[in-house]
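See structure below.
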Amino acid sequence: MLSTLRSASLFSSLILLSIFNYACAEDPFVFYDWKVSYITASPFGVKQQVIAVNGQFPGPILNVTTNWNVVINVRNDLDEPLLLTWNGIQHRKNSWQDGVLGTNCPIPAGWNWTYDFQVKDQIGSFFYFASLNFQRASGGYGGIVINNRNVIPVPFGTPDGDITIFIGDWYTKSHKELRKDVENGIDLGVPDAILFNGLGPYRYDQALVPDGIGYHTINVEPGKTYRLRVHNVGIATSLNFRIQNHNLLLVETEGSYTVQQNYTNMDIHVGQSYSFLVTMDQNGSSDYYMVASPRFVNSSAWAKATGVAILHYSNSQGPASGPLPDPPNDLDTFFSMNQARSIRWNVSAGAARPNPQGSFRYGQITVTDVYVLLNRPAELIDGKWRTTLNGISYLAPSTPLKLAQQFNIPGIYKIDFPNGLMNRPPKVDTSIINGTYRGFMEIIFQNNDTTVQSYHLDGYAFFVVGMDYGVWTENSRGTYNKWDGVARCTTQVFLSWNLAPEAHILQLSSVFWYFFGLYSSQGIKKVVIYWWKWTSQPKLVFPKWKATVFVHSIS
């Protein structure tokens, strides 16, 4: 009897211990309440209406750790519908939280919506933003930091500080005015300013910068090393980021640890995010300029659109002085491409998991689908100026694509997006790519426009395997980097240059470049990918045994 009781007691203890261990092993939840509203601010010395999150412009930083569950209740206090999208977050097993028209109905004014997602198997630097109606031109953005779990080593020493920096073009016109201009075929033109964390430039030149403009200052200690997470949150302008007399050690981009290399400056294109380690190794005799200046522009009018912030040592003896650090030569068309090619995946480092990043051998995949996506300058279609991919300008239906797919609603979209440019007039249509379940895609982007294009793959990542001038041919595959091309979610396609990527249902590798998303001077276009199981953001849906990619416009 005593033996039986002891056995029962031991059995009960084992059950309780198992339950306790299971409960402790569950990934934690974090909860937030955010209110998105208008506030009055003066980013460029002129009072204007900006979009704030919890009264902050830029919004609060979402700081979480790999595998945490994030629950954010968002109340829309704007006067128009709202969606927040989580740029670069891979919504595994849940494509309903992405915050774009492909998956979500907009949050009506005065209503709220609760986003609930897990940052499964991710680390790195990202940002969120308002994805509808050109609202990002008025703010509504903030940073996302996903930290490594303690059990996963980081491939560099713990920095002495972690600093998020938002750079981006800014207009004193409201997003509603800019939206109307774009719809009428009016180019955005030269921005009024380049902002650093929501503030205008330091007055480095009295002839170019008006008096009375607030500027951003970053306070540092001499001898310390800081991690700077830099995001281009603008709407159209590629920017070159640099710090006077300091090197930028690149360590991570959009969730991938990179081969560590020093740069004196870095071209950061619209939608891109980079992490640098910067050591404060100067003598502190003065403050130092931090600069974000436009790239690939050919007008002196752009000189005034230079963002300048201040790096302030605690022992600084005076203000920053002298000329700004030199940007790359815009006439050197190879500089930016060669710099982009130099960014490599750190194949020996672990990231969200202990196994090395390079253990996924993307270069050995068998490609199942190939698409050459060509964009051209805006064309007049049915009386409106519209940009296209392969001659199709995406028309967002009133029913989100994901809902139409989930409930088998006919007539909402067509699975007929062409593999290349068709010999026919451009048209407006709700046309999506018909992908292969568990297949790999190779996508080549051909930029025939006059501006640099940024492409973004919502909810997923791709490998950038190559880029070059001219027209892609099948012989271009011989130049692909099939070993350490970096995996990321946003890439650029230069003027008359092409990029291609190869994609897997879980990983996209690129032949030139790989994305689904385009930010152009005509507005923001996004190509998104969805997976029934792995999910992405807007436009690619993989139901149980088939997948679809959507190319759509968010503007």
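The first residue you see is number 1, and the count goes up from there.
Cβ from N, Cα, C; glycine included.
Over in TrEMBL, the protein carries these features:
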- 1-25: signal peptide (SIGNAL)
- 36-150: domain 'Plastocyanin-like' (DOMAIN)
- 162-316: domain 'Plastocyanin-like' (DOMAIN)
- 399-493: domain 'Plastocyanin-like' (DOMAIN)
The domain 'Plastocyanin-like' (162-316): mean pLDDT?
-> 95
Summarise the domain 'Plastocyanin-like' (399-493) by DSSP state, stating how many residues are helix, strand and coil.
-> 12 helix, 39 strand, 44 coil
Helix, strand and coil residues within the domain 'Plastocyanin-like' (36-150) as assigned by DSSP = 4 helix, 52 strand, 59 coil
